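Report on the structure given below.
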Amino acid sequence: DGTEPSHMHYENDENYFRGYEWWLMKEAKKRNPKIKLIGLPWTFPAWIGKGENWPYDYPDVTAYYVVSWILGAKQYHDLDVDYIGIWNERAFSSKYIKLLRYTLDKHGLQQVRIVASDRLWEPISFVLLLDSELHGVVDVIGAHYPGTKTVPNALLTKKKLWSSEDYSTFNDEVGAGCWARILNQNYVNGNMTSTIAWNLVASYYEELPFGRCGLMTAQEPWSGHYKVEAPIWITAHTTQFTQPGWSYLRVDGQLEGGGSFVALTDGLGNLTIIIETMTHNHSQCIRPLLPHFSVTPQTATFYLKGSFYMVQTLQVWHSRLGFESGNSSLFQQLHPVKVWKGSFSLYLNVDEVYTLTTLKTGQKCGCPEPPPPQPFPSNYKDDFNIRNPPFSEAPNFADQTGVFEYFINSSDPGDHVFTLRQVVVQRPITWASDADQTISLIGNFQWVNMTVTCDVYIEKRRDGGVFIAGRVDNGGIYVRRTKGVFFWVFADGTYRVTGDLAGEEILMKGLSGVRDNAWHTLTLNIQGTSASGLLNGYPLWENVTVSKPSNGWAAIGTRSFEFAQFDNFHVE
């Protein structure tokens, strides 16, 4: 929920150390060297479109941009990207996909495979059947939120079919039920051999549009508190007993009393069976609508044939989602099941997951308890004075439009050498409807009364501008409709107080004497229904009545996509 920095903000810019993704990929590889890495652009920087809000007018430029990222991953982090996508949930261009394949091959990246088109099954499947050259370069058809179903044309292509984005559901037990059901049924009903959850870890403010829609929750970096939610242990039922490269067995997969099972093998004699009996009301995902079905307790008998006939025992791992009773049992190892002459029976209740496997490697970690939860500090300062920051962005700030990065002012006399700078200077080729202003949120959404102080430096002459804000109520895909109390100063020497990020609801305006390319200190004080503002420590405006929203985050930002700097941020 928010923006991420590109590896190329501008045409002449390359940096493979921005954001958290490089760190995340390396951490993932430490835990499982066999894990697959996939790249997929959501938004492109503006220079790729050369003035148009479209990435395919200059397909060679877009391919260069994407392949640069793959080469940078290898050169600077020794990471091999396995798959690359086209444009998340937006149109594809056949010409661009072919050029992307050509560009990958030209740079020795033949092993990187192409996924298309991360939207719906159509029109990509139909186009692949018509265009044999395109059929030759697309390796995987990826669909988003397919509801466990595919379409005839997709099957006719004979391509690998993936649910390349799914889940996106609040990570309580219903979320776990959703995830258990689609992990199996995407293959059983839709022949999909991969299911990818958006998102991995909910590490962003919970009140943003998709709060806690991750497999686990880690949304308090200031306290270190995190929670390994039920969907993590549902994942383990599959991922601890299979690896990329294992194959699904072509079994029917439907259980008579409702629910489903899948069976996978490594081709070397190992077998893993995963069973789920999720009921309708306990497994609804955020999308699409789930048609009614019923599941009842049942005894299921499984028959092992061929090379699996000789299997004598299977290890058993079990989860039961408790729902009303509130006492779930997650990923517990049970007694092994004896296989007698190639068959065994199992009593299955509803809302359960079983893994039966020849592997003896399962584990449920006895991890130390995380630190207890704490609210965001009610008195928080950052002077951004850090010479070699571990990340390119300041902690706890959540960019919602634009990118705010650590910056070193080599020419500054000393007070403002280390600052935070907004660096996106043209509206990107948009994915969601981001704002016309840039904004970064921080703090506690429940805050009511607050004082926000920040040194600001407008870089853009004439029509440049910056703001500090409080009681900010929105972000993510809804950032354009964000409300709050916004205190703006502009390069032309005027100021404004508005009730919205768009700047349309003007509460107060006047002259401030602020100018560009000079440092000024803004202070915004909100108490009850009244707000006041100071400039360089002196009152500039006061007694402005504010009604809605009644609470929200603090924020900083700019009037447009423009360079601006911030320093000595303080919220209380």
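Heads up, the Cβ atoms here are built off N, Cα and C, so glycines get one too.
TrEMBL annotations:
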ACT_SITE  E89  active site, proton donor/acceptor
ACT_SITE  E165  active site, nucleophile
DOMAIN    1-240  domain 'Glycosyl hydrolase family 59 catalytic'
DOMAIN    248-363  domain 'Glycosyl hydrolase family 59 central'
DOMAIN    399-572  domain 'Glycosyl hydrolase family 59 C-terminal lectin'
Length of the line joining the Cα atoms of E165 (active site, nucleophile) and E89 (active site, proton donor/acceptor), in Å: 10
Per-region confidence, the domain 'Glycosyl hydrolase family 59 catalytic' (1-240) (mean pLDDT, whole number): 98
Residue distribution over DSSP helix, strand and coil in the domain 'Glycosyl hydrolase family 59 central' (248-363): 11 helix, 51 strand, 54 coil
